[in-house]
Amino acid sequence: MSSLREPLLPTRQPKVLSAAKETRLVVTAGAFLCFVAVRSFHPIVIDISKTDGKLPYGKATPCVVNSAVDVVLGNLLALLFGGTAGLKRCWDPATLKTFSAIAVLYAFGDFLEMVSMSVMGGAVYQILLQSKLLITALIVWALRGQRQTPLQWNVLVTIVMGMSAFVLVDENPSQAPFRPIGLLFVVAKVFFSCLCAVLTEKYLKAYKDMPIYMQVAQLKFAWLWVTLALTWAFDGNVRANGLFDGWDGRTMVVATSWVCKGWTTFLVLKNLDSVLKNIGEAVAILVIYLFDVVVADKVADLLPVQGKEFRLSVFLMVLVVVLTVVTYTMAAPQKPPGTAKSA
């Protein structure tokens, strides 16, 4: 008589495993909501800091302050948790050289982001930012030979068409009307960001044992000086009147937003994969748009914001872009040759 090796009825999973799974789910959900909140809040804060649709301060000066604060915070945390040895590790020439090279590209990206936001609103910027999917696909194809499936290319083209349609139908006057030069700034910013992401993944795997605050301290050191040089070179008001010309309470909130965005990006993304990250950035488009049409007018007495009229055509275009980005993110990747199942 053969004995049964498997139970006839399903058994309950151990409570330890179930609790661990639930904890991870809660952490992931919290990280996702935090990521969406930061990605939505940041462009809104920059919009609020404008006066008559223009940034009254040096465009990248909040980035300079952000980098300086991050260098100090990173070194203080290294000293607190690692003592003198931890502080010395923040200035290790071997790793500092690698992180500094990548930081140069990141600094250009931050500078271009502020220049872009100076000529367009937050919703338009976040929409155009989705071009990173197409640019990343082209960079990965060029550097790694990794191609997209025909379906993915089709969805990428649809995203570009959706972005173009949104810009064309969103013709209402606003504090920061769209100008075509802004598109060039966004594409350049996206190119630097995508290139940084590819290089970071390629070169920083060897430094996984380095705590995140040490990585931030090393990244932000070169980041600070490159951003300062770009600000000094391209902003005449800063050269004439100093770094803090035009600053007020709103600008300080922008600088704080940059600090929060940087640290949450480093910390939160450890709990999010690329799928949830892309979906989160797409959801941020919807959050920013809803702020413009629902919340802005209600807080206009407290904040210098101007709401937009709700128009169904614009809202539908926002949904088209968001859902198309989600579709691309969830599409099956191209299988390498020779991986087909054999009969």
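Just so you know, glycine gets a Cβ as well, placed from its N, Cα and C.
All TrEMBL annotations are machine predictions without curation.
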Annotated stretch (transmembrane segment, per TrEMBL) among the listed ranges 16-39, 64-87:
64-87
Any contact between the transmembrane segment (150-169) and the transmembrane segment (312-331), i.e. 3 or more CB pairs below 8 Å with pairs at least 6 residues apart?
yes
Would you call the transmembrane segment (312-331) and the transmembrane segment (123-143) in contact, using three or more Cβ pairs under 8 Å, pairs 6 or more apart in sequence?
yes
Spatial neighbours of the transmembrane segment (279-300) far in sequence, C-beta under 8 Å, 6+ residues away:
32, 35-36, 39-40, 43-44, 121-123, 126-127, 129-130, 272, 306-310, 314-315, 318-319, 321-322, 325-326, 329
